[in-house]
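Among the features that TrEMBL reports, transmembrane segment is placed at 6-22, 42-60, 66-90, 102-122, 128-149, 161-183, 189-210.
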Amino acid sequence: MASASFILGIIGNAISLLMFASPMKTFRRVIKTKSTESFKGLPYITTLLSTSLWTFYGLLKPNGDGLLVTTVNGAGAFLHVIYVTLFLIYAPKNVKIGLFKLVAILDIGFLGVVIGVTLLALHGNIRLTLVGLICAGLTIGMYAAPLSSMRTVIKMRSVEYMPFWLSFFQFVNGGTWLVYALLIKDLYIAVPNGLGFILGSVQLALYGMYRNKSPSLFESKSIENGGGEKEIYDSKGEKGNNNEMKDINEKPIISEGGGGLIKKGTSLPKPSIAREYSQKLVKTLSMSQYAMSFYNEYNYNSFDDGDNEGRGSI
């Protein structure tokens with residue numbers, strides 16, 4: 001009869017494989033359009049490094065204890081070799097040069113150094129310790145990436161910038177591999193996935209709290225204009241009704257400073273502050289390889305057909 005750890009490992013494999021396979025839709029689009037458009041290549045390059053190191057870690061474990069770790073990450077590494085290759089083929093020339101350098105440094109250079117040092121200079125359990133620490137560090141970075149999104153959710157009281165499926169898969173994937181690691185007593189798998197499980201739980205709780213609310217950062221906020229007058233903006237960044245304001249294409253607009261009417265076509269209202277803020281916010285959100293990748297997938301899918309995809313590793 002199969003042990004509980006083996007069954008959980010199989011479940012974890014299935015979840016991780018689904019996450020590894022999620023970018024396929026994006027790359028179908030890349031092949032069809034023969035362009036990487038605005039998608040980023042860094043997430044795929046760093047995930048290739050992570051899955052390769054986890055595969056090596058699984059091979060180092062004695063008595064076949066790393067079989068499930070090896071199989072799922074070996075499959076993930078294989079898929080990401082394909083993703084990175086396609087990205088290098090269809091990326092613009094100026095982007096392609098930078099990506100080639102990253103592949104050479106991370107996926108060939110750094111990976112080769114780790115494998116070489118481990119096999120040639122280290123012996124016994126020290127090998128497993130070194131590779132385990134590196135793998136755990138990469139996984140902690142993946143799980144910690146959505147922290148900036150969580151701050152945004154709390155600040156804006158909206159889940160617009162925290163995709164549900166990213167949080168859900170982080171919760172399920174982290175919880176499954178945490179229990180598996182505890183059963184086989186592997187701290188290098190348990191610690192990062194325990195953190196992922198906790199952060200995933202917090203994200204789902206935040207999603208439940210704010211999923212039906214619209215952004216309220218600018219709600220009822222008074223903003224002074226150049227003339228000392230105050231303009232009131234609602235949650236969408238639109239002006240309130242403290243002064244009469246009509247559609248510029250229909251009727252004249254009453255100026256804020258009380259200087260009379262502004263004729264049609266001579267002046268335009270100030271751009272929405274909320275809109276400017278949200279544009280800057282999207283550009284400055286800090287994400288690791290997994291969150292960046294998921295965000296690329298999420299933005300495309302929500303524009304295309306509303307489906308959300310994500311990926312990750314143990």
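Positions of Cβ are set from backbone N, Cα and C atoms, glycine also.
Among residues of the same chain six or more beyond the transmembrane segment (42-60), those with a C-beta under 8 A of the stretch's C-beta atoms are 20, 23, 66-71, 73-74, 76-77, 80-81, 83-84, 87, 99, 102-103, 106-107, 110-111, 114-115, 118, 127-128, 131-132, 134-135, 138-139, 142, 188, 288-290, 292-293, 296, 311, 313-314. Scored on C-beta pairs under 8 angstroms, the neighbour of the transmembrane segment (128-149) with the top count among 6-22, 66-90, 102-122, 189-210 is 189-210.
If one looks beyond the transmembrane segment (102-122) by at least 6 residues along the same chain, the residues whose Cβ comes under 8 Å of a Cβ in the stretch are 41-42, 45-46, 48-49, 52-53, 56, 60, 84, 88, 130-131, 134.
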